[in-house]
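Comments concern the structure below.
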């Protein structure tokens, strides 16, 4: 597709940029810098980035129905009031694992906040294995644990009919599907729908388009790939000018723009000189598909 255009809209040099989510009310892209410990917001109007520093690694951000945001911070679910720069803890997980932190998170179609944990990395993608779990924060602030033995809990999204939950545990190099019950939030019958090729490297963040196809950011693969979850086939590859692409979401007025976050942690001077936009946020236009607006947390 020759019409695909990629531009770096925010060259913030995030250490680990992650969890992009479009905030329609603000006409803005919200994202986090995990090891940089800040929640960022890029305005499509002013083209400026505002950042709020926090006291622990912040790994995901989501909209909240009542306004502002929810975040995963260290091993805590928390709320974030943007204007007041106020963070309030809701719940704590993995208390028996002081070396753990949350990683990616997203809100399901019923307003529950799904997020998983992992051990702190020694260096990128190197860590103590099987220390993480997948959790849900419900609207009444109760926390449900789905399963443990996770390496790096990562990308998540739901099928358009809300009957399938898609999930990535990065070091399995697989995109998995579960049967999903919208009423209860229960998941089951795990299966792999796509195994990554060697050059695609590590599957990271993920989103879905209005045709029901998945987009996966490939960490160390410098690309996002489009997958058909029904056939398990890769449909499209979009390469970016940085290797450490971390996550993706759709946004803009009609959700026809894709936003991709990236990281620079683990890159030496020579590597960074070749990729000066590492850690930046990229906008991809001309994909010819639209995305699904994010669901807000109901609590």
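Even glycines carry a Cβ here, placed using N, Cα and C.
Over in TrEMBL, the protein carries these features:
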- 16-264: domain 'SMP-30/Gluconolactonase/LRE-like region' (DOMAIN)
- 18, 154, 204: divalent metal cation binding site (BINDING)
- 101, 103, 121: substrate binding site (BINDING)
- 204: active site, proton donor/acceptor (ACT_SITE)
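For the pair residue 121 (substrate binding site) and residue 154 (divalent metal cation binding site), the C-alpha distance works out to 14 angstrom. Counting every protein chain shown, 23 other Cβ atoms lie within 10 Å of the Cβ of residue 101 (substrate binding site).
The binding-site residues listed here are 103, 154; among them, 154 has the most other Cβ atoms within 10 Å of its own Cβ. If you measure from the Cα atom of residue 101 (substrate binding site) to that of residue 154 (divalent metal cation binding site), you get 12 Å.
Mean per-residue pLDDT, taken over the domain 'SMP-30/Gluconolactonase/LRE-like region' (16-264), amounts to 97. If you count neighbouring Cβ atoms within 10 Å for each of the binding-site residues 18, 121, 204, the highest count belongs to 204. When Cα-Cα distances from residue 103 (substrate binding site) are compared across the binding-site residues 18, 154, 204, the shortest belongs to 154. Pairwise Cα distances among 101, 103, 121, the recorded substrate-binding residues, top out at 11 Å.
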